Each structure stands twice: as structure tokens, then as C-alpha cells.
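What follows is a set of notes on a single structure, which appears directly below.
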């Protein structure tokens, strides 16, 4: 509360300062009044002895405006007078307006309201030399000071009145704007209606026909139906003027029923089948197609023939190693066994096979010996390199290189070991064949 009271006091003092500044500016402007008017005012004061401060202020203001209009040289002074009425904020007021921005709009109309009362004070001060001895002047001063005190004390009431005046003015402006907008809309609506009426056709459009129009429509349709030579098309009577849904359904049914009747009464005269027939109709077997002589069965039989031709063309090729006949005679089996045994017993074929097999066996034995020696050598190299790496006499880079070399040698050793195993398998197969034929029937088996 203390802060609010301090702010109010500062605001009141600032308002008083602003009012004094405005009074000084009004005094300066009143000094520009013509001397004739001053003399008239002085005569009235001398005769009556009472100064009407409000009337003097009004006459001074009106005379100032007339003088500005008549004298072009005084236009600059009048403009100063007009600009002087605008509230110019000082440094203190600017600082206070930052604290209370909501009170700025309230104080401005209050200052404008107080200008009228204080013009009387300013005018009375300017004419003190003329009315110094009059008692009415003292009364005017007392009344002005009382008004000033009332204005400073009852600031909240004046603020409330100013707020009410602002709200009323805003309401009046809003109502004026609203009425202007409504008038503009009404004008636009009338213009649009006039344009639409200008674009309308001169003849009236009747959605429903009655009486004579219905009879005319039926006569036209009868003439049209009688002019048609096709017997399937029949005259249709259209009733105009009913509900929209009923007319829509009747037109849809009228479009569908003639199509269905034509499809039933007029079969396919060309004898061919349409794409819809091929989808809906069922194919009849070939036996029934012989009995029935219809075009549809003929078409189905042709379709079956085309399918058979397609199947014949896309048939798989036969297997050349297919078994044609299987005989269950025991003599044929015995003969086949004897022939297979006699191949090796024949004197012509045995030397050739033995020579080729002996050459292959020698090559396989030589290759097997070479691979076994190679594997032994690689294993020795790998062991030597691993021993060198285990001693730790090499640097880090050399150790990494040695490790990569050992890995590659191990891969090469595995490859050669696999090849050695395969060669040994082939060699053992050839030796088993020789044992089966009886060429090498004796084996010396010993233990080391």
C-alpha cells in the first residue's frame, strides 16, 4: 500500500506540473490576442466588476482562431497553439509510464478535461492588473483554487469518469462501424441480386408440367413409337412433375428393362460366342458334343482340341534311358553275369587294361611320395618359425610379418595334405582291383 500511495503522489505532482506548463503556454497564446478585444474585455470588467473566466477563455480562443484565418503571418503561431495542446511527456512521466503503462491512457483524457478549468485561472492571472480592486476577481480565484484542489483530491473519480467517457466513445464508434459494414453488405447483396436477375433467362422455367403439357408429351412419344419399325421398342409414357426419387427410379428401370428384353428375345444372330458367354457357360464333354449339334458345343469341342494341341506341343521330351521291357528269365541274368566275368578273362582285353592301370598306379605312387615329402618339409618350416617367434628376439613389426607367413604356410600345408589323401584313395582303389583279379594275390604283412 505504501508503494501505491507513493506512486499516486508522484503521479499527482506530475499532473500538476503538466497543468502548469499548459497554463503557461495558454498565457503565451493569449498575449497574441488583438488589443481591441482586450479593451472590450477591460470595459466589461470595469463596468460589471466581475470576471467570467470561462467566457473570457472562449472568446480568447475563438478570436485566436479568427486571427489566424485572417492574418496569414500568424499561422505559424496558431499552429504552435494547436501543437501546444498535445501532451508532451517529460522524463519523470516517461519513467512512470514504464512502471504503469495502463494508467497512461487514463491520465491523458483527465489532463484534457482539466484544461478548461485551468484556462480560467490562466486568463485571470493575465488580467490581474485590470481587476485587482474588484471583489469578484477574488471570488473567481477562490472558486478556481477550490476546483484545483477538488481535481487533485478526487483524481480517482475523474479517472472513473474518463474511463466511462472512453468506453462510451468506443461503443459509439463500434456501433457506427458496425452499421457501415451492414450497409455495405446490404448494398453488395442488392448488386448481386440485380446481376443474377440480369443473367436469368426471360422465359420462366417450369420444373413440372401439368394438363396440356402432359398430353403433348404423350402424343409426341406415341408418334415416335409408331414411326419406329423395330417391334421390340415399345412406346413409353413419361409422367413429368412427380417426386425426384420416383422419376429417377422409373428412368433407371426403363433403361434396364428394354435391354433385358432385347437380350432375351434377340439371340446372337452371328452364331459366335461373346466374351461374357465364355465366362458364364460351362464346357460340355466331348461325347455330348457329338450328340448335340449346337454351335455352342461345337465351339467347346474346338476349344478342347486347341487345348490338346497345346498340351502335345508342351510335352516333355522322353528319357533316352527309359526301360522299355523287363524280363524275368533267370537265364538272361546268368548270361549277363558270365559275360561280365569273361571280360577280364579274355586274353585280348587283359594286357591293355593291365598296362594302362600299371602306368596310372606308378604315377599315383610317385605323386603320393612327392606330396608326403612336401608335407614333411612344410611342417619343419612351420615349427622353425614358431620357435623363432617364441624366443622374442624380433621386433613387433617383424613378429607380425612372421605370424602372417606361418598362417600362409599352414594353409598351404593343409592343401597339400588334402591332395595327398585323395591320391592315396585312388591308389588304394587300383590296388584292390588287382587283388580282385588275382594278379597280385600275395601280400606281405608285417609289423615294424
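In case you wondered, yes, glycine gets a Cβ from its N, Cα and C as well.
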From 63-103, 104-144, the residue range that Swiss-Prot assigns the feature region 'Disordered': 63-103
Phosphoserine: annotated position in Swiss-Prot, out of 289, 332: 332
Listed as phosphoserine by Swiss-Prot, one of 270, 330: 270
Segment assigned the feature region 'Disordered' in Swiss-Prot (from 7-47, 171-211): 171-211
